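Chemist: Just dropping this structure here.
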Amino acid sequence: MEIDRRKNDHIYLASSEISQVGSPWFDEVILIHNALPELDLSEVDTTAKFLGAEVKAPFGIGAMTGGTELAGKINAELAKAAEAFGIPIYVGSQRIALVKPEVRWTFEVVKKNAPTVPKVANLGAPQLVELDEVKLAEWVSQAVDMVDAHAVAIHLNAAQEAVQPEGEPRFRGVLEKIKVVKRAAGRPLIVKEVGNGISREVAARLAGVADAIDVGGYGGTSFIAIEGARAAGAGAQLRRRIAETFKLWGIPTAASICEAKSGYGGYIIASGGIRSGLDGVKALALGASFFTMSQPLLKAALEGRLKEEIETVVAEVKTAMFLIGARTVKDIASAPRVYGPRLRSWLEQRGLTC
């Protein structure tokens, strides 16, 4: 019952302004307008590859929820939208369904309603260290089967676990367990953050292990803020105060893309505070191969306007591409751009090129 309440708390708090903290620094990235693009808007091609699978836009539905009746209804709506628009979809952490088989349906609705698009299974790093290699392989297999996954994501959420009232901040040995997941999965492995970003140093340690890094940068939904609000409601004053102290902790998404690009050089997925198709195109210009959005789509789903929100994002991507003269998604990387003082200073101090 406690984990059910936590899952629903996360849904309501993530969709509210309480969860929104800081800036991802996309305002620090200015794409240079091309007044002579030499193409028609109708010629712009937004098709992209998501870990080998062709999709209709360089954009997907990020990890959100699962495990409760409300979560199941939301996942069904998100999956229908992913299928309609031909874009990938992550599910939220599947641990709850692995220990409570009666809630598996809240994840299985995704493969039922999105049979043809890439789906991403999702497990949390702290739970990996509890399992031996055989049990971990079983969990991976079940998580994959539950959603007919094209890829498996392992989420790194050290900051969230450190402030969560029920947190499990156990991260010793996680990298070795991620390697076990890679062997067991038999499909692309994504290692992702959940709102505090990936540094160059961590990205370098994931080279040769992860098939993709999802930076999950700072400047959007903050699980530190969410857990702080939950702690306050539960009267857990120590956790509330720690959350208040650390709610601005993390690497802004724009900087994290550059960090990951420098340390890793492979397939990078941008997430964290992306609030428009223009933000997404800026992320691609910085070096990401793909981007996802979560909070705006969760809020839209709860308000019954999910289709309109995704239509808008795709149209914004296409418009931004047209205005920088990018006919294909690959062309975005060569778009001229200017950086604001905060991002420029970060790159200089960290010795990064982006």
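Cβ from N, Cα, C; glycine included.
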Chemist: Out of Thr221, Thr245, Thr319, which one does Swiss-Prot list together with Ala63, Met64, Thr65, Ser93, Asn122, Lys192, Gly273, Ile274, Arg275, Ser294, Gln295 for FMN?
Modeler: Thr221
Chemist: Counting distance between Cα atoms, which of the binding-site residues Ala63, Thr65, Asn122 is nearest Arg95 (substrate binding site)?
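Modeler: Closest candidate to Arg95 (substrate binding site), judged by Cα separation, is Asn122.
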Chemist: Show me the subset of Ala63, Thr221, Ser294 whose Cα is within 10 Å of Lys7 (substrate binding site); these are the binding-site residues I mean.
Modeler: none
Chemist: In the three-state scheme derived from DSSP, which category covers Ser294 (FMN binding site)?
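Modeler: Where Ser294 (FMN binding site) sits, the three-state DSSP reduction gives coil.
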Chemist: Would you mind pulling the longest C-alpha to C-alpha span across Ala63, Met64, Thr65, Ser93, Asn122, Lys192, Thr221, Gly273, Ile274, Arg275, Ser294, Gln295, which the record has binding FMN, in angstrom?
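Modeler: Binding-site diameter by Cα atoms for FMN: 23 Å.
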Chemist: Could you check which of the binding-site residues Gln94, Gln160, Glu161 is the closest Cα neighbour of Thr221 (FMN binding site)?
Modeler: Gln160
Chemist: Tell me which residues of the chain lie with their Cβ under 8 angstroms from that of Ile274 (FMN binding site), as long as they are six or more apart in sequence?
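Modeler: Listed in sequence order, they are Pro24, Phe26, Gly220, Thr253, Gly280, Ala283, Phe291, Thr292, Met293.
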